[in-house]
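A quick write-up on the structure given underneath.
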Amino acid sequence: MEPIKVGLLGFGTVGSGTFTVLRRNQEEIKRRAGRGIEISRIAVRTPSKVKGAEGIGITTDFNAVVDDPSIDIVAEMIGGTGVARDLVLRAIANGKHIVTANKALLAVHGSEIFEAASKKGVMVAFEAAVAGGIPIIKALREGLTANRIEYIAGIINGTTNYILSEMRDRGLDFATALKAAQDLGYAEADPTFDIEGVDAAHKVTLMSAIAFGVPVQFDRAYVEGISKLDAIDIRYAENLGYRIKLLGIARRTEKGIELRTHPTLIPEKRLLANVEGAMNAVVVHGDAVGTTLYYGKGAGAEPTASAVVADLVDVTRLHTADPEHRVPHLAFQHDSLANTPILPIEEVTSSYYLRLRVADVTGVLANITRILADKAISIDALLQKESEHVDGEDKGETDIILITHETVEKEINAAITQIEALSTVVSKVTKLRMEGLK
Ligand code: NDP
Ligand code: HSE
C-alpha cells in the first residue's frame, strides 16, 4: 500500500523532532500502522533551518501544503492561535486529518475546530498537546472510558517545574532557571505562557473536556502562575513538610467543575511532590479504577515527537474507518456534551497556606485566630518565625504561617480582608492553595 502522506507545518523543536523520530523508526512504525507514514512536504518560514530533509518538498507557502490534494494528514507544529488556526481550519475544509501539539489553539478555539472536523468527518489528534510524551489523552479518552472521572491533578508544564526544581535544589535565581529551560527547548515561544500558568491552564482545560464531557472552556479557567511566588514561601512550605508545584486541577463537585491552575502546596510524601525538572505527572481518579498516575517527559523534541508520531499512527490506522465509528475527539459523542458549570474560583474548596508578617507583640495571634474561628475556618498547623529570622534583621516583626483545614475560597478571602485590616499585620497576606492528593 502507498504510504500515507503528511504535510508538516513548522520545523522547530517539535517539528524537527517528529521528522527525526519518524525517519529513525520508520520500519517499526510501518509494521505498527499497517502502511508507511511519509512526510512528503514541509512548510517553514526559514528554509535554511531545515536539515537532513533532502528530497522532501520544502516551501515557505503554508497554504500550498494544506491545499495539496496528495496530502492526507496536516501536522501543525507552528504554535499559537493566529496563523495556526487559519491553516488548521483550511486543512479541515480541504478534508485533511490534523495532528497538532498546539494546546493554546485547541483550548481557545477547540469548539470551532472540533465542530468543523466533525462536519467534515476528519480526525483532530492532539496527544502531544498535553504532558509531552505521556499518553494522557489516550488514557483519559480510551483507557479510562469505563470510569466516572472524579478529579485530575497534574504537573503539566515542564518549564515551570524545571524552574521550581532548579531554584530549590541548585539555588538558581528565577531568570537563570528560565533561560536554561528556554535553551533546552522546553519553553513556549512566549515564555510568559509558561510562567503565568497559561500553558498549564490550556492543558488542564483540554483534559477537563475529555474527563467530564463538557465543552472546551479556557475562558472559565482560573489561572495563576509562579512569577509572584516568593522563595521564602518555598522554604517555609518545606519546614512544614510540603513542596510547592504548579498544578493544573480539574475536579467534579456537586456544585460544578473546578478548573484551576496555581502554585500548590503538596505533602512531600506524595509522588507528585517529587516530580522534578521538566518531568510531568498527572494523577487521575476514576470511580472504578481508583487513583492512577502517569509520569514522563513533559517537553522537549523527541518526547513530544513520540506523542505526535503516535497520533500519526492512530490516524493512519483509522483513516479508512467510518467516521461514526472512530473514537470521538473529546471522548464523548459530539451531541452528548453536558452543560455542567465551571465554578468561579471563589466557590472552590481547598485548604490554605497563609503567611502573615506581623508586629511581634502580645495578642496578635489571638486576634488572627479569632477572625478565622468566626468564619469556622480551623487551623491545621502553625509556624512562627522569630523576628531575627525575618530578612536576616530584627525589625520587631515576625512571620506567622498558618495551614487551614478545607474551606470555601470566598470565606478565606473574607477572613484575609479582616486580618489585613488589623493594625498589627504589617503587609499583605500571602495565600497559597494546598492539595492533600489522598
Ligand atoms: P518552535 O518555536 O521551536 O517552532 C515553531 C516552528 O513554527 C518554527 O519552524 C517556526 O519558524 C514556525 N513558526 C512560528 N511562527 C510562525 C508563523 N507565524 N508563521 C510561520 N511559521 C511560524 O516551537 P515548538 O516546536 O517548541 O512548538 C511547536 C508547538 O508544539 C507549539 O504549539 C507548542 O506549544 C507545542 N509543544 C511544544 C513542546 C516543546 O517541548 N517545545 C511540547 C509540547 C507541545 P522559525 O524557526 O522561522 O521561527
Ligand atoms: N512549554 C511547555 C512546557 C511545552 O514547558 O511544558 C510542553 O507542552
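In case you wondered, yes, glycine gets a Cβ from its N, Cα and C as well.
Feature annotations, reproduced from TrEMBL:
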| type | residues | note |
| --- | --- | --- |
| ACT_SITE | Lys203 | active site, proton donor |
| BINDING | Leu9, Gly10, Phe11, Gly12, Thr13, Val14, Gly15, Ser16 | NADP(+) binding site |
| BINDING | Lys103 | NADPH binding site |
| BINDING | Glu188 | L-homoserine binding site |
| DOMAIN | 353-434 | domain 'ACT' |
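The structure, with features from TrEMBL marked on it.
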residue: Leu9; record: NADP(+) binding site; DSSP class: strand
residue: Val14; record: NADP(+) binding site; DSSP class: helix
residue: Glu188; record: L-homoserine binding site; DSSP class: coil
residue: Lys203; record: active site, proton donor; DSSP class: helix
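The binding-site residues close to Lys203 (active site, proton donor), defined as a CA atom within 10 A of its CA, are Lys103 out of Thr13, Gly15, Lys103. Mapped onto DSSP classes, the domain 'ACT' (353-434) shows 26 helix, 30 strand, 26 coil.
With a CB cut-off of under 6 A applied against ligand 1, none of the recorded positions Leu9, Ser16, Lys203 are retained. Apart from the site residues Leu9, Gly10, Phe11, Gly12, Thr13, Val14, Gly15, Ser16, the chain places the Cβ of Leu8, Gly17, Thr18, Val44, Met77, Ile78 no farther than 8 Å from the centroid of the site's Cβ atoms, the recorded NADP(+) location. Mean model confidence of the domain 'ACT' (353-434) amounts to 91 (pLDDT, 0 to 100 scale). Sequence-distant neighbours of Gly12 (NADP(+) binding site) (same chain, 6+ apart, CB under 8 A from its CB) are Lys49, Met77, Gly79. Taking CA atoms as the reference points, Gly10 (NADP(+) binding site) and the residue listed as 'L-homoserine binding site' are 14 Å apart. Taking Leu9, Gly10, Thr13, Gly15, Ser16 as the candidate binding-site residues, the subset whose CB lies under 6 angstroms from any atom of ligand 2 is empty. On the backbone, the CA of Val14 (NADP(+) binding site) and the CA of the residue listed as 'NADPH binding site' stand 13 Å apart.
Thr13 (NADP(+) binding site) and the residue listed as 'NADPH binding site' have their C-alpha atoms 15 Å apart, to the nearest angstrom.
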